[in-house]
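Taken straight from Swiss-Prot:
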type: BINDING; residues: Gly12, Thr13, Ser14, Leu15, Asp16, Gly17, Ile18, Asp19; note: ATP binding site
Amino acid sequence: MRSGRFIGVMSGTSLDGIDVVLAAINENIVAQQASLTWPIPHPIKEEILAICQGQSLTLSQLGRLDTRLGRLFADAVLALMRQENLKPTDVIAIGCHGQTVWHEPQGDAPHTLQIGDNNQIAAHTGVTVVGDFRRRDMALGGQGAPLVPAFHHALLAHPIERRMVLNIGGIANVSLLVPGQPVRGYDTGPGNMLLDAWIWRQQGKPYDKDAQWASEGKVLLPLLQDMLSDPWFALPAPKSTGREYFNYGWLEKHLARYSGLRGQDVQATLAELTAVTISEQVLLSGGCERLLVCGGGARNPLLMARLAALLPGTEVSTTDEAGISGDDMEALAFAWLAWRTLAGLPGNLPSVTGASEATVLGAIFPANPPQNRS
């Protein structure tokens, strides 16, 4: 079983940057050693958003974006390697999630698409890449998501305490860690995605820092109930979703039924939508003693306060307090999944994704031997 240094690369639905993490991994530990966030150029971000909202494009446009993202991921990895004085031979593999542009786990031909050519990453970094993690799970009848609960269980499960790990990225998802029971995990709905989309359209800001704008508003109950009536929220777990569903067009559809709404009130209502849909799923799952929050939403004081209020009797804290960086959690998870793939170990949890069996995930893109590199 190979152990050593792995790099994880994550570009999530929030599109707030590319997270790159270096970790030492073996069967007993995952020790984070360094990290950085690499910016996504605005034109690329706009192209990704357009695809996720169903805008048509040619195969040539998709191919070019796939290549450009692959180079961008490679640049992000190379920046971390320069920062840490690493040679390609110092790193066993890179685990790259890719950028999800479509995720449709229902229907007669379930599918998911992550772009960012892994061949580009392997060629330009000189390091073996493991990518395309989700489709093997879908081939076995699973949702292809979420995959991070397996990592949560490995690092954050407690022998006697009933815990849940909540990741509030663009989409929010939970992992239920109950001693003696199979791990469960699923998406709860929008996390930061609609909050970020609204403030971007209204103020040109990428996110609502410290929930300052939302805190100036009041919750619009009719709008909140209207959004909560979306049938997706009533679907049974396990379930998954993404920007192809909960996007700005979804929000516009609901806002079109009202007039004269103040921007800060809409922002406050979107924050409440995130908090309510998360807390409802926590309670439906039987609740927990401790809710460990990671992702960008863990730095949103309004969301954290509302979760604590909606979940009395539950200790709401961050994964940082448990020793794992909440900002780097998902990138760490894909470094760990790359290690499992190379070790021939399953990376999915059928109790989470609904797959018929546990399986090794991903495809391997080997680096050229050092003597073959120019």
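All positions are counted from 1 along the displayed chain.
Keep in mind that glycine also has a Cβ here, set from the backbone N, Cα and C atoms.
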### Query
Quick one: which residues besides Gly12, Thr13, Ser14, Leu15, Asp16, Gly17, Ile18, Asp19 have a Cβ within 8 Å of the ATP site's Cβ centroid, in sequence order?
Met10, Ser11, Ile40, Gly169, Gly170
### Fewest Cβ neighbours within 10 Å, where candidates are the binding-site residues Thr13, Ser14
Ser14
### Task
Please classify the secondary structure at Thr13 (ATP binding site) using three-state DSSP.
coil
### Message
Quick check on the binding-site residues: of Leu15, Ile18, whose CB has the lowest count of neighbouring CB atoms inside 10 Å?
### Response
Leu15
### Query
Which has the fewest other Cβ atoms within 10 Å: Gly12, Gly17, the binding-site residues listed?
Gly17
### Query
What's the most sparsely packed of the binding-site residues Asp16, Asp19, counting other C-beta atoms within 10 A?
Asp16
